[in-house]
Each structure stands twice: as C-alpha cells, then as structure tokens.
Amino acid sequence: MAAPWRDVVRDAAAVREAAAVAVDAALLAGGLMRTGEQPHASDVVNYAPFTLLPSAVPRALFEQAYAVQQDFNLLVDAISQNKEFLEQTLASTIKVDDFTAQLFRIYKQVLEEGLAQTVFLGINRSDYMFDCGLDGTAALRQIEINTIAASFGGLTSRTADVHGLVLKVLGKTEEASRLLPNNPAKGLALGIAKAWELYGSQRAVVMFLVEEIQRNIFDQRCVENELWNRNIRVIRKRFRDVFEQGSLDASRRLYMDGQEVAVVYYREGYVPQNYDQQNWEARLLLERSRAVKCPDIATQLAGTKKVQQELSRPGTLEKLLPGRPEAIARMRATFAGLYSLDEGEEGDRIAATAIADPDRFVLKPQREGGGNNLYGEELRQVLEKIRDSPERTSYILMDKIKPQPALNYLLRAHSPLQVSECVSELGIFGVYVRQGQELVLNQAAGHLLRTKAIEHADGGVAAGVAVLDTPYLV
C-alpha cells in the first residue's frame with residue numbers, strides 16, 4: 001500500500017510544529033473526552049486520541065465497504081426476525097455463556113408474551129481490516145458487526161478538519177483538499193428521528209441509555225444535539241433509573257418520570273459487567289415495552305460472534321436472504337475464515353489446528369467493546385485448557401488478518417511524541433428502520449477509521465488502545 005507521508009514522518013521539527021497545531025485544532029473542533037481521573041466531570045476534559053497524519057486506505061476497498069453496508073443492514077434485520085435461526089445457532093453457546101443465555105431468556109420471554117414493538121431501528125457498524133496477501137495486494141476482510149452501542153460516530157466527524165489543517169501546515173494543500181467530509185452522527189440521528197416519527201407521538205422523548213461512567217459523553221452529545229436540532233426531546237438515563245422510575249401502561253407504553261419514551265438508544269448493556277439483577281429487570285421492562293429499542297434484544301443477539309461464524313457456512317446466507325444473490329456475493333467477498341469450536345469432530349479438528357499453529361488465528365468470545373480477543377501464546381494456553389470442555393463452544397476462531405503497517409504518530413494527552421508502526425481498522429455505520437414488514441430506511445451513514453500501534457493486538461479507542469484517524473484514499 002502507498003505510504004504518502006514518508007518524507008514528513010522523518011522531519012522531526014515539522015512533526016513537532018504540526019503536532020502542536022493538531023492538538024489545539026482537535027480541542028477547538030470539539031474532539032473531546034472526559035479524563036480517566038475525573039470521568040464524571042465535563043469541566044476537566046482533554047482531546048480524544050488521534051493520529052497526526054491521515055492514514056492511507058485503498059480507494060477500491062473503501063468503496064467496497066460502503067457498497068456492501070446496505071446488504072449487511074438487510075442481513076442483520078433478517079436474522080433478528082428469524083427465531084429458528086437464532087435458536088439453532090446459539091443453542092451450544094447459551095449452555096456455557098451466561099451472558100448470552102440471559103439475553104436469550106429475555107428474548108424468548110418477550111416473544112412468548114407477544115411483541116408490543118412495531119417499529120424497529122438498527123444502528124450498526126461493520127468493521128474491516130485490509131489483509132495483505134503474499135503478492136502485496138490488499139483485500140477487505142470483515143472483523144465483526146457491532147449491533148449495539150456502536151460508538152465514535154460523533155467524534156470521528158471532527159477529525160477530517162483537523163487532519164486537513166495538519167496537511168496544510170505541512171505544505172500539502174492539495175492533499176488536504178482530497179480528505180472526505182464525514183458526519184456519521186447526522187446519519188445516526190436521522191434513523192433515530194425516523195423511528196421517533198413512526199412511533200407516532202409528538203410528546204414522546206428519545207431516551208439515551210447510558211453507562212454509570214461516561215467518559216465518551218461528547219461522542220453521544222453529537223448525536224443528541226442533532227436530535228435537539230430537529231426539536232426532538234432527549235433524556236439520558238441509566239439502567240438504575242429505569243429500575244427505579246420506569247413503568248408500562250396497559251398498552252405497554254414506556255414511561256420514565258411520567259414522560260412517554262418513543263425510542264431507547266442503547267449506549268450501554270453490551271458486556272456482562274453492565275448488569276446486576278436489578279439491571280436485568282430493567283432490561284426486561286424495556287424489552288417488553290412498545291418503545292423502539294435500538295437495538296431490540298433480537299438484534300443484539302444477531303451481532304454475536306457465534307452468529308457471525310455461522311453466516312460463513314455455505315448456504316446460510318441463501319436461507320436468510322432468499323432471492324438476493326448479488327447482495328450475498330458482495331457480503332461473502334468480505335468474509336475472513338471463521339470456524340466453529342462446537343463439540344464434535346469438526347470442533348476437535350479446528351481446536352487441534354489452532355493449538356499447533358496459534359499465530360494463524362484469533363480466538364473470540366461472545367463479547368463487544370474491544371480488548372476481549374486472544375492471540376498467539378495466550379490463545380494456545382486457553383484452548384489447551386478448554387479443548388475437552390463444553391466451555392470452548394463459547395468462543396469462535398477466525399483467521400488472523402495481516403495488514404501492511406505504516407508509520408504514523410499517535411497523539412495522546414501526556415504521552416511523548418514518537419513514531420509508531422501502525423495498522424488501521426475501517427468501520428462503516430449503517431442505519432435502517434422497519435415498520436412492520438416494510439423497510440422504510442436503509443443506508444450507510446458514514447465511516448470511522450481507527451489506528452493502533454502494531455504491538456497492540458486488540459482494543460478500540462474507548463479501551464485506550466486505538467486512536468481516531470481519517471482515511472486518505474490512495
């Protein structure tokens with residue numbers, strides 16, 4: 001892959017000047033996070049970490065990722081409506097993974113009671129890396145689809161202008177003009193607003209369900225402010241508030257503090273640590289309600305790693321999306337090798353292969369939020385420990401993707417300015433709204449590029465490993 005900034009990276013004086021400008025520009029643009037020391041305070045903030053220079057991304061692969069996003073939106077929506085597929089696919093996982101099992105219990109309970117919800121909103125982000133083949137050509141390979149709390153659609157809209165200014169400071173005015181504008185927050189808000197409108201009550205509010213510690217509040221505020229600009233009221237609540245203040249009326253409309261809630265937008269609830277008994281009860285109350293959940297629990301289950309692995313089996317996509325061969329071909333072209341660790345001959349064989357050659361694979365548990373995957377020696381140790389136990393079915397194996405590193409500077413508050421070998425991950429945001437059986441909105445809503453030093457195998461921006469970036473198409 002082309003390395004467009006080779007001359008700049010080696011010029012220490014120019015880099016120091018550009019970095020000082022970049023940090024001020026990021027603060028000025030509102031690319032902010034609360035600090036780890038004072039995570040509840042918005043009067044003590046710093047810039048969200050980002051790259052000094054935009055990273056090279058092959059134009060053809062960037063366009064391929066955008067072109068397939070509506071297909072993935074359709075697929076996620078189809079899975080969420082297919083009870084039989086979810087039951088069969090997750091049968092082995094829910095025996096050994098308590099978190100997925102608890103989500104599944106709520107899913108079944110809500111289905112048995114009968115869904116009150118009639119409008120469905122999906123906000124997902126499909127993440128990719130660029131796999132470098134032996135001949136040096138790069139291929140787009142999907143890492144995962146995030147169907148709950150897909151973040152950084154707000155802050156990433158701030159980075160293109162910062163990188164444009166950095167390039168101008170470095171004398172690269174023409175290159176600066178080629179950076180693409182990008183505002184996923186606007187697209188995400190469009191989906192939420194459409195769901196709110198179809199819910200059909202002007203007085204109802206949108207509820208952001210948020211974590212106890214909200215370091216990434218400014219990212220959420222970007223989406224929130226887009227809704228306020230449309231005169232849609234937004235409230236921010238935690239699971240604890242739902243447990244204490246939430247109620248349903250006879251027609252299962254959801255009320256918080258006496259306010260009717262049209263849409264629940266989850267920025268919480270994606271890892272086991274988000275739940276205690278009280279929070280599970282709050283989740284059940286939300287799922288039983290008529291409010292539009294983003295995501296509803298079926299869509300959260302559609303985003304599990306086990307489902308992703310099952311989608312790679314021959315014939316599965318054809319069953320889920322009959323009569324759509326072109327969409328299926330586009331999606332399949334992005335798949336990396338995915339393997340089941342279910343009990344039986346196939347699982348035994350793949351476990352033995354991974355133990356013998358762990359550097360070929362990534363071991364993935366059923367978790368969101370980054371920082372959960374296992375690599376190399378750690379992968380081998382865990383698999384050896386669980387190879388003869390049903391516990392192994394709570395994981396899947398995936399081929400390890402090998403991107404081509406490039407040099408860049410990762411700007412973090414209170415960290416030294418030093419060059420790093422880096423790799424990037426491209427996420428495409430997708431938004432869809434369905435009313436009954438009619439899909440009324442389906443679109444790609446913008447992109448997110450995250451970059452990390454190659455010594456970090458796993459982890460995103462919120463996990464403190466990756467930083468925000470801007471694609472420079474080559």
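Placement of Cβ uses the backbone N, Cα and C atoms for every residue, glycine included.
On a predicted model such as this, the values are computed, not experimentally measured, just so you know.
Features as listed in TrEMBL:
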BINDING   Arg125, 148-151, 214-216, Gln220, 267-270, Arg450, 461-462  substrate binding site
BINDING   Glu144, Asn146, Glu368  Mg(2+) binding site
BINDING   Glu144, Lys305, 364-373, Tyr375, 398-401, Glu425, Lys452, Asp458  ATP binding site
DOMAIN    204-302  domain 'Glutathione synthase substrate-binding'
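Less than 8 angstroms from the CB of Glu144 (Mg(2+) binding site) sit Ser126, Asp127, Gly303, Lys305, Gln308, Lys364, each of them six or more residues away in the same chain.
There are 22 other Cβ atoms within 10 Å of the Cβ belonging to Gln220 (substrate binding site).
Just so you know, of the binding-site residues Arg125, Lys400, Lys452, the Cβ with the fewest other Cβ atoms around it within 10 Å is the one at Lys400. When Cβ atoms from all protein chains are considered, those within 10 Å of Asn146 (Mg(2+) binding site) total 22, not counting its own. Pro365 (ATP binding site) is surrounded by 18 other CB atoms, counting those within 10 A of its CB over all protein chains shown. Broken down by DSSP into helix, strand and coil, the domain 'Glutathione synthase substrate-binding' (204-302) contains 41 helix, 26 strand, 32 coil. For Arg215 (substrate binding site), the number of other Cβ atoms no farther than 10 Å from its own Cβ, over all displayed protein chains, is 18. Rounded to a whole number, the distance between the Cα atoms of Asn146 (Mg(2+) binding site) and Gln220 (substrate binding site) is 16 Å. The binding-site residues recorded for this entry are Asn146, Pro365, Tyr375, Lys400, and the Cα of Asn146 lies nearest to that of Arg215 (substrate binding site). Taking a C-beta cut-off of under 8 angstroms and a sequence separation of 6 or more, Glu268 (substrate binding site) has the following same-chain neighbours: Ala149, Leu209, Val210, Glu211, Arg238, Phe239, Asn274.
Other Cβ atoms within 10 Å of the Cβ of Glu368 (Mg(2+) binding site), summed over all protein chains shown, number 19. Put simply, Pro365 (ATP binding site) is 19 Å from Arg125 (substrate binding site) when counted between their Cα atoms.
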